[in-house]
Amino acid sequence: MLRIITPIVLLTFIFALDIALSSPVRPRTPYAVKDSHVVPRKWTRVGPAPADHRINLQIGLKQSQFDELERHLYEVSDPSHHRYGQHLTSAEVDELVKPSDDALELVHDWLLDNGIEQHRLEYNSAKNWIKVTLPVQAVEGLLDTTYSVYKHEEGDYTVRTSNWSLPLHLHEHIETIQPTNSFFRPAPMRSTLKPVSPIGTSYKSPKWHSFLNASNITVAQACNATAVTPLCLRTLYGTYSYTPKVPGINKVGLTDYLGESNNRSDISLFLQMFRPEAASEAYTFTFDIIANGSAQQTPDNATQLDAGTDLEGNLDAETLIAIDYPTPLIAFTTGGSPPFDPSASTTTDTNEPYLTWLNYVLAQSDLPQTISTSYGDDEQTVPYAYAALACQQFAQLGARGITLLFASGDSGVGPTGACVSNDGKNTTMFLPSFPASCPYVTTVGATKNFAPEVAAFDPANNFASGGGFSNYFPRPAYQDPYVPDYIASLGSQFQGLYNASGRGYPDIAAQGFRFLTVWDGGVVVLDGTSASTPTAAGVVSLVNDALLAGGKAPLGWLNPWLYGVGKGGLQMCWRGARLGVGGRAFRRRGVGCRYGVGYAVFPEACAVGVGGGGRNGVWDVGVESLRDGWVHE
């Protein structure tokens, strides 16, 4: 029997069908593990995480056109390309990396399904990072995981999980979520030797001060290999007679993390001794405080002094101001909550400082052209997905014309007795460092002595300039002409201890041994790539000053230039770091003795910046290339 469909029934059916066809269909797919990471051996689980402990969850979405961004990055950073120096704006970068509309909608739907409404979400400028603060219990449900409290062997705690899951349909749209399985614990790359003496008349001796106004000072007169001063560095790298021409247009930056700051009083005392005309800058440089970062200027308490708080910050600021004055310095001091305290379970856990810093600076339209960072950790403590996405954000800064210099590490190829894998197998291996291993940053090693200058190593504190090959990032094309020959020259030596197809580092090096530093009102001697990195940054910043004064673009990402046209009279070093597996390590010729834009080539750089020459006026500015560095001894 036929049924008679009334007009009302028909209209209802059509209306329902229209809604069904016009409404987005929310996929419902089962959960599957998205990422897992073995807990590093220095961390031990001590118990479940409190359900009310709050986490600042950061959701990293896939960048929709990163391949296109990378193409732009290489073109604007390669002196042989017609677009060299034509850096992108922040808006242009955001357009390339923003997630697709579909990806955003799917993620929003997933969050809403879990009771997280859109008005609670925070976004970075490109909207490829979403931040929301949730209690552990809610995060565990969202990610189908279980958080625990972990204790580090040095006594601090954190809240993490070893793996986390997502609905299958989101795997292609979400790259990483943190803090989850990242046990990254960035530490300053400096080693304290010993206090030298209180500040006094001994530091006004003729040895370090009689040449302050000399115009023809030599390296032999200016430098003491056991007490390196700004006068030595400015003489060695040829910047002594250069006066910055466009301070304010050109700027230089440093980064502080996890409670570190830059003490103005100490910095003033240092500059009064070693660069008196710059002493006023100790009280005028700028703090850019991010996420409640520290700008503490009161004396450190006993706990801070015991931890060496501000040693790193003072070293960075003192070195950069002494080399670059009157170029303005910006100190980015990034906070976030400290590691988890089991006695205060409501503490909010962040402790992912690179993400916080990156998302902040990428949202700024005006940044220093050169930024120095002296922090890092073992690459294997960082989940690959997190490292890859952070590395892509460094690339975004490079595309905007920012030179990022990172310390290569202070333990050679890894600390003696600790060179084992973190995959549960305890395989003996060299340990690369991150972010030093990221191919989109320029990594700085350290040297010592002057005649000859050699790779830095100090048996007094087991400091050895870091270097090696990434296990995460493949060798970039710019290293292909040089690194394979070095690998071939090694033969079977170190076979199985390193990734022969990985990105090699460092890219350049500078003095990083026995730097005089004022801290807590007294002078201490420090060494480390924390010293060489701001030294290199200071010299690069002065080249940028010369270029900008001549109407040219700043250098930006250095690596294609370093491995391409950077060349010229370099002296080679012959000694490698000796820490690692059984005291063995790579021995590299060419951790060079003039490093980068230093010594005799800096005046040439200034001339090029003023008068032009080569493509876009920087063709002939000499910076050491690893065409000379990755050569077998």
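Positions of Cβ are set from backbone N, Cα and C atoms, glycine also.
The structure displayed is predicted, hence computed values, not measured ones.
The annotation signal peptide is assigned in TrEMBL to 1-22.
Residues or ranges marked as domain 'Peptidase S53' in TrEMBL: 227-612.
Per TrEMBL, the feature active site, charge relay system maps to E312 (among others). Here the Cβ of E312 (active site, charge relay system) has 30 other Cβ atoms within 10 Å, regardless of which shown protein chain they belong to.
Residues or ranges marked as active site, charge relay system by TrEMBL: D316 (among others). For D316 (active site, charge relay system), the same-chain residues 6+ apart in sequence whose C-beta sits under 8 angstroms from its C-beta are L254, D256, N262, A331, S372, S374, S530, T533, P534.
The active site, charge relay system annotation in TrEMBL covers S530 (among others).
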Per-residue pLDDT averaged over the domain 'Peptidase S53' (227-612), given as an integer: 83
Count of other CB atoms lying within 10 Å of the CB belonging to S530 (active site, charge relay system): 32
